[in-house]
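One structure is given here, and the rest of the page talks about it.
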């Protein structure tokens with residue numbers, strides 16, 4: 001059996017590496033038109049950072065795992081073609097700001113049709129709006145020259161969390177495969193089941209119809225994001241009343257119906273999927289006339305925007321209502337620890353908000369490159385998901401500096417903002433940094449990972465998200 005995967009990004013790369021590791025008899029080829037990216041996959045400095053990924057790639061690469069730009073050859077030879085290309089949010093036209101842009105998907109379908117001389121199973125791996133499979137089927141059927149070639153489309157959404165992707169692939173909660181309720185559709189489902197069954201217990205491999213599988217992915221992300229927005233909404237109430245959001249979260253998390261996961265209040269959620277998938281869900285609901293349902297889910301995104309804005313306003317008001325020309329150290333730019341991914345990271349909006357008010361931000365993140373930070377801070381909203389943009393750094397970046405260590409970021413700064421929960425931030429020498437900072441020195445902990453009592457002993461004025469406010473921060477009017 002031969003498997004090809006179109007798209008060598010955060011989904012395609014790790015997923016195919018794990019399939020190659022667990023199915024040594026299957027040839028797995030990841031193809032992408034981006035030569036730089038393929039070159040990186042064939043080197044020791046992979047294009048994405050994910051704990052455990054390099055070891056798996058090294059073990060399989062050259063044996064039964066290959067990375068290539070020769071898309072036509074490998075897609076043409078494959079029995080199963082996974083498609084994990086970008087599905088960004090549309091930036092203009094009908095549905096702008098909500099609907100998914102399926103340009104890359106359609107391009108992939110046309111490519112598959114044009115090179116296929118044998119029947120294939122086409123697997124949707126990207127997050128796609130409900131009913132995509134139907135559209136893709138039409139493109140495949142009408143563009144394939146050979147009448148004997150049949151295509152079966154399956155939906156096999158990924159449920160990876162960045163930072164733990166390799167573990168999620170090794171021991172997933174479930175694998176979901178959706179296909180058509182026809183004999184050939186069911187046969188295709190069983191073919192893909194047999195691949196996963198190499199290492200995943202059968203009871204964890206769920207099968208469904210196409211629409212259910214597509215919708216399950218959007219719904220899973222909407223529910224997870226909703227939990228974060230819910231606890232973040234309560235964090236604002238905690239600050240206003242003197243409650244402690246971590247105590248509240250712990251108390252409700254011990255209820256087995258609620259559970260403890262995804263109840264950490266923070267500066268907001270990020271990542272490539274949450275916002276995109278909820279907006280997509282809203283658009284699908286609107287398209288079928290369910291306005292109230294769309295509005296309900298839209299609130300989850302609004303609450304996330306509110307939380308980021310609230311954090312910026314808290315920083316500015318604490319520092320005497322002006323951050324003009326003040327240096328602010330930003331610790332962490334990735335949207336969560338153990339990944340270099342910055343897609344939709346709350347750090348972008350927080351930095352932009354501070355810069356708009358005249359602050360000079362100095363960013364330190366252990367995994368994110370300066371190029372990526374400058375690109376993110378100069379890109380318009382929703383543009384991050386469009387590959388190969390060579391954008392000039394805009395004027396806004398005069399006030400952005402990126403440094404390679406935490407101490408340099410803090411030197412001469414008025415404040416430190418913790419925006420990513422990297423473990424190394426917990427063990428920094430804050431005493432030494434306090435001495436190098438401008439007084440009064442502030443710490444705004446947007447992730448609640450530091451020892452706030454100890455920081456106050458050192459002399460910092462500390463804002464801990466969702467916790468009783470430092471007397472210094474309480475307005476007397």
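Glycine is no exception: its Cβ is also placed from the backbone N, Cα and C atoms.
Heads up, TrEMBL stuff is auto-annotated, nobody curated it.
These come from TrEMBL:
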| type | residues | note |
| --- | --- | --- |
| ACT_SITE | 273 | active site, nucleophile |
| BINDING | 7-12, 32, 37, 85-89, 126-127, 162, 273-276, 343 | NAD(+) binding site |
| DOMAIN | 329-452 | domain 'UDP-glucose/GDP-mannose dehydrogenase C-terminal' |
Over all shown protein chains, what is the count of other CB atoms within 10 A of the CB belonging to residue 275 (NAD(+) binding site)?
-> 22
Give the number of CB atoms, excluding that of residue 162 (NAD(+) binding site) itself, located within 10 Å of its CB.
-> 24
Mean per-residue pLDDT computed across the domain 'UDP-glucose/GDP-mannose dehydrogenase C-terminal' (329-452) = 90
Between the Cα atoms of residue 162 (NAD(+) binding site) and the residue listed as 'active site, nucleophile', find the distance and write it as a whole number of Å.
-> 11
Alpha-carbon spacing, residue 10 (NAD(+) binding site) to the residue listed as 'active site, nucleophile', which is rounded to whole Å = 12
C-alpha of residue 273 (active site, nucleophile) to C-alpha of residue 86 (NAD(+) binding site): distance in Å?
-> 11
For residue 7 (NAD(+) binding site), the same-chain residues 6+ apart in sequence with C-beta under 8 angstroms from its C-beta are 30, 32, 83, 84, 85, 86, 108, 125, 126
If you count other Cβ atoms within 10 Å of each one's Cβ, which of the recorded positions 86, 273 has the most?
-> 273
DSSP tally for the domain 'UDP-glucose/GDP-mannose dehydrogenase C-terminal' (329-452), helix/strand/coil in that order, comes to 46 helix, 19 strand, 59 coil
